[in-house]
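> Pasting the relevant annotations from Swiss-Prot:
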SITE      Thr44  site 'Part of a proton relay during catalysis'
BINDING   Thr45, Ile203  pyruvate binding site
SITE      Tyr107  site 'Part of a proton relay during catalysis'
ACT_SITE  Tyr133  active site, proton donor/acceptor
ACT_SITE  Lys161  active site, schiff-base intermediate with substrate
Amino acid sequence: MINGSIVALITPMNSDGTVDNKSLENLVEYHIAQGTDGIVAVGTTGESATLPAKEHIQVVQQTVSFAAGRIPIIGGNGANATAEAIELTKGLSSVGVEAMLGVTPYYNKPSPKGLVAHYKAVAQSTDIPQILYNVPGRTSVDMLPETVAELASVSNIIGVKEATGDLSRVSKLRSLCGDDFLLYSGDDATAREFLTLGGNGIISVANNIVPKAFKAMCDAALAGNTEEAIAVEKSMQSLFSALFCEANPIPVKWAAHQMGLISKGEIRLPLTELSSEFHGLLLEAMKNARIEV
C-alpha cells in the first residue's frame, strides 16, 4: 500500500462555486512532478462536507483520470450518516481508487460500539481497502486505539489516519493492531516524530504547497535519518502553525492561489476567504519555508 508523503488535496473552485477542473489537473501534475507518494481526493481538506455525493464522486473520478495511474489516489468516503458513507463508497468503488479514507461520523458523536458498527457496514459494502480517520478536533468524537484494534480485524480495513497529535498513540496502535496495519499521521506539526515512532506515512495539509520538502522529510524519517528529517522539518514549522490560523482549508487554499497553483482561492460556504489580518502571517511563514510567491 501507500507509504510516505501523501497530500490531502484541496479542491479548487471557480468564482461561481463550481469545481475548477483545470486547476485540479494542474495540482495533480504538480504533485507527480514533485514526487508526492499519494493523493487523498475529497477528504476534509478537499471540502468533502460541502460537496454533495454525486459531485464528490465526480471530483474523485476526475482526479483518478488526471493521475492516469502515475500516482495512487485515495478517495474520501466519510459522512456522518452511515447510509451516505455507503453510497459514497459504492460510487467510488468503480472509479479506480487505491483505497478510501473515512472520517469518523461527525456531530452525532457515536459511541465506540456505534463506530465499530458504522465502519463494518461501510467496509462490507466494497472490496476496496479502507482507512479509518480520527480527528476529534473536527468531529467531536475520539476513536480510541482499542476501537481501532477491533476494526483492524476486518479484512479490508488496512489502516488509520490519526490526527490527535498524541504521539503516545503510535506505539499503542502498533501494539494493538500489529505490524501490517498502516499508521498515518494527520497532524503536520508532529508528523516527523510520528514516523520515527513507527508510522508508515503522513496525510498532510502543508504538503499541498511544500511537497518536495515534505517528501524529503518523510523519506529521511522513514530511513532513520533523524537529523536530516529534523533539519527539513525546521524550515516548515512556522508554516504548520500558520496553515491553521483559520479553519482548514481556508489558509492553504489562499496560499496555493498566491503560488499560482490554482486560479482562484475560492471556498464554499459556510467557510469564507482568509481574513486579511492573517495574510502577513501566512506570507512570512511561506517565506520561511522557502516558498516563492
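Cβ coordinates are placed from backbone N, Cα and C, and glycine is handled just like the others.
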> Would you count the other C-beta atoms found within 10 angstroms of the C-beta of Tyr133 (active site, proton donor/acceptor) for me?
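Result for Tyr133 (active site, proton donor/acceptor): 27 neighbouring Cβ atoms inside 10 Å.
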> Hey, of Thr45, Tyr107, Lys161, which of those recorded positions are within 10 Å of the residue listed as 'active site, proton donor/acceptor', Cα to Cα?
Lys161
> Check Ile203 (pyruvate binding site) against DSSP and tell me helix, strand or coil, would you?
strand
> The residue listed as 'active site, schiff-base intermediate with substrate' to Tyr107 (site 'Part of a proton relay during catalysis'): how many Å between their Cα atoms?
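Per the Cα atoms, the residue listed as 'active site, schiff-base intermediate with substrate' and Tyr107 (site 'Part of a proton relay during catalysis') stand 19 Å apart.
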> When the Cα of Tyr107 (site 'Part of a proton relay during catalysis') is compared with the Cα of each of the recorded positions Thr44, Thr45, Ile203, which one is closest?
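With Cα distances computed to Tyr107 (site 'Part of a proton relay during catalysis'), the winner among Thr44, Thr45, Ile203 is Thr44.
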> Fill in the CA-CA distance, Thr44 (site 'Part of a proton relay during catalysis') to Ile203 (pyruvate binding site), as an integer in Å.
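Thr44 (site 'Part of a proton relay during catalysis') and Ile203 (pyruvate binding site) have their Cα atoms 11 Å apart.
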> Around the Cβ of the residue listed as 'active site, schiff-base intermediate with substrate', how many other Cβ atoms lie within 10 Å? Please give the count over every shown protein chain.
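Around the Cβ of the residue listed as 'active site, schiff-base intermediate with substrate', 27 other Cβ atoms lie within 10 Å.
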> Below 8 Å Cβ to Cβ and six or more residues apart, same chain only. Which residues does that give for Ile203 (pyruvate binding site)?
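Sequence-distant Cβ neighbours: Ile6, Val7, Ala8, Val40, Gly43, Leu101, Lys161, Tyr184, Ser185, Gly186.
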